[in-house]
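Presented below is the structure to which this report refers.
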């Protein structure tokens, strides 16, 4: 039965492109040539309108000498260039392009694919270790030889700009002469050998032994010069030949080539479509096509209440579970004879999941109803544990696929987890583009044609909803199941290629004590020491170049069917944002040093241009141009808005407890996080803070026990206190204090609760509220912030005054003991509140007060002996300070293990509670909790979300290994890596 009229339509889809078609007769849909000789594989048929080179393919050594070597020399030379490096690079590349057009022809694809190997669609499955071991075997060296070990650890001593290929060639030079051949290999011959190498790597078992015995690989070793081999190794490893060459080479070839490549992700299409620089692309020339990767539609994270979210989506939307995996698009072609898998960045993962319906961990389970010839699916690839029957955390997807492929190929032990593909969209079906159809239609088509396979291919569907209550219920259910969150999709929205808008909205649980966003930051400064500290920056972009977001009333739908062009915002400069030292291993420190060696400038001798790099008051010993730097993925506990740090970094705020997760080798200065992205993330996080500050101390009680007071004297304790006696007054708290009577630390959050409970206003940012008349600044610790406030003329009151006001239920007069720093006028008024013996006129003298006075000298003496630096060092060890832990342990006979975890937490400043609702984080003691108890905790947390229409903060659930990891690292490590499952 034919469900839809186009299911039996075998007519090929015609793509509208500027004058020249892009589908070639001798090319398969993945862009890999079919058959032919090495030379003929890269010739283009004149009948299909593609460009033809009028001269034979030039030698590969000519490409190396004319382009690669010259650009390398410019990169290595710091002086004596005679002109700026950018200008020299542009001259070299433009001259090469001009020579190619004049002496070879208009088809630059053969050279382009060798110049940009990391953008080549071919996969050789060769890593550093594979190449090193294969070369050692080729040189007939014993296993684990000194040469092999030296090559395997090449990064440790490699200077900047030197790659593994250089060391490999040096070892070859020591053991043999350079090959003497009658004829050099041409560019087409090199491409032909690479085609054969790709074929060999995808047939049967592939290892370093297979590479060493590969006919194609050995042919190149025996017919290439040392210079050619160096670049050949780079091509096989898919590492950049020359940094920044992609943008330069594409732009020199055609003014639209770089923008077009971001959409089609295929060098062959770019080269064969844009060969005439006089023919320019138009906006409507971009569309999804079968077999070619594209940028997917991304969900936006918003900062508004759920009622407004529902209104923004037209009160008609789908709710889907947000999966924690890799965004993968599947291109199903020729009834399953050809299948391709692409990531959101256009990386081809077909080798992991199967190139046709008869092989692979996913492809052989991908089934459709009769009549489906070709289609494009959008979904998420996750890891599924078959024994526990649950989705595993992100990071195991590719390894799960590799293990499954190995099991199906060799029959070895079956892995416990495997990849699962969750499909949620259909974009193309039998020649018909569906991106201009709304979500309702696309889901209807998808449900009709896809046949799910249990635990392998899953149809990710969700209810169609219309109100905020459905959002909270869905988020609560997602949390109860341990999911990452939910995605809301406007029912009438279209699929916007390469766009992030609010027709798709993602909602994640707001976690306590967590900023919640990973940021990719460029290193711009360094302070060398026993442990280097890096100053990282955000990019300031030109707002005029950003895409205008959809208006609140109109949503995000457009009547136009044309696909948008992705415009990268123009970066104006970089401004300092935070300092990073934690989370970077010794190997990563060496890697950063290797990648940036030779590009650092002493700050005192040569300051950076402020129109490109700008620091706050905190300046480094050395700075680096962002274009020559590295990008770090950074995560933080929260945003730090302290007044004292507002000038340290040019952004005006910084990150608290920030640490590095990894070096982002796939990012550079042009793709790092921007100030606009940071502001969006900060506003999204602060929405919860704003809504909760309004009820600070009402809905959440302090976890500490309240003190009971037995007062003697003039104040009648039986008289009820006035609940709003602080109304109209504003309070800014810089620190807590140690209460001598209760022998406990009173932190700033408790003081804030006390302020709000008595009608006062607790402010977080002094900069925007400094002009208030009835403003009290509370603090007693000698911090940088307090020193700055004192220098600016502010009166500082001890926090004990506020707590005594709450204690006695009235606004007390300021006495000398409550003054930390004040003007002479205020001190004169304060002295009038006590007698000549220093006793208060308004407060009673109690037994506790006398004891506190007796112990005061001892406490002050001990603190002075420690010194400010010692106290600060001690506080840095309290990594869990301010955190409240709920310990999950339902096996009584392992109580000693729980006691150890509890002791570790409390020794680092944390506290333990038996009330789950008060917990900042839940720690499941390893091997001491059951799935039943874990699910009960999740259900409790999920019910908390479901029962409220406001954004509710919830604790993360980790294993006790997280506590141990934090103590070992001496900072808060990423909770996601220790999630309890």
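Just so it is clear, glycine is given a Cβ too, placed from its N, Cα and C backbone atoms.
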**Prompt:** Which single residue out of 279, 370, 380 does Swiss-Prot record at the ATP site shared with 320, 322, 327, 424, 484, 489, 506, 508?
**Reply:** 380
**Asked** Which stretch does Swiss-Prot mark as region 'Disordered', out of 544-563, 564-583, 584-603, 604-623?
**Response** 544-563
**Fill in**
Checking the binding-site residues 320, 484 for other Cβ atoms within 10 Å of each Cβ, the smallest tally belongs to 484
**Asked** Hey, what's the Cβ neighbour count for residue 327 (ATP binding site) at 10 Å?
**Response** 15
**Prompt:** How far apart, in Å, are the two Cα atoms that lie farthest from each other among 320, 322, 327, 380, 424, 484, 489, 506, 508, the residues recorded as binding ATP?
**Reply:** 18
**Message:** On a C-alpha basis, identify the one among 320, 327, 484, 508 that is nearest to residue 380 (Mg(2+) 1 binding site); the candidates are the binding-site residues.
**Reply:** 327
**Spatial neighbour of residue 322 (active site, N6-AMP-lysine intermediate) that is closest, considering only the binding-site residues 484, 489, 508 and their CA atoms** = 484
**Message:** Neighbour count, 10 Å Cβ-Cβ cut-off, for residue 508 (ATP binding site): what number do you get?
**Reply:** 17
**Fill in**
The rounded CA-CA distance in Å from residue 484 (Mg(2+) 2 binding site) to residue 320 (ATP binding site) is 11
**Fill in**
Same chain, |i - j| six or more, Cβ under 8 Å of residue 424 (ATP binding site); the result in sequence order is 320, 378, 379, 380, 460, 461
**Request:** Tell me the residue counts in helix, strand and coil for the domain 'BRCT 1' (721-819), as DSSP assigns them.
**Result:** 34 helix, 19 strand, 46 coil
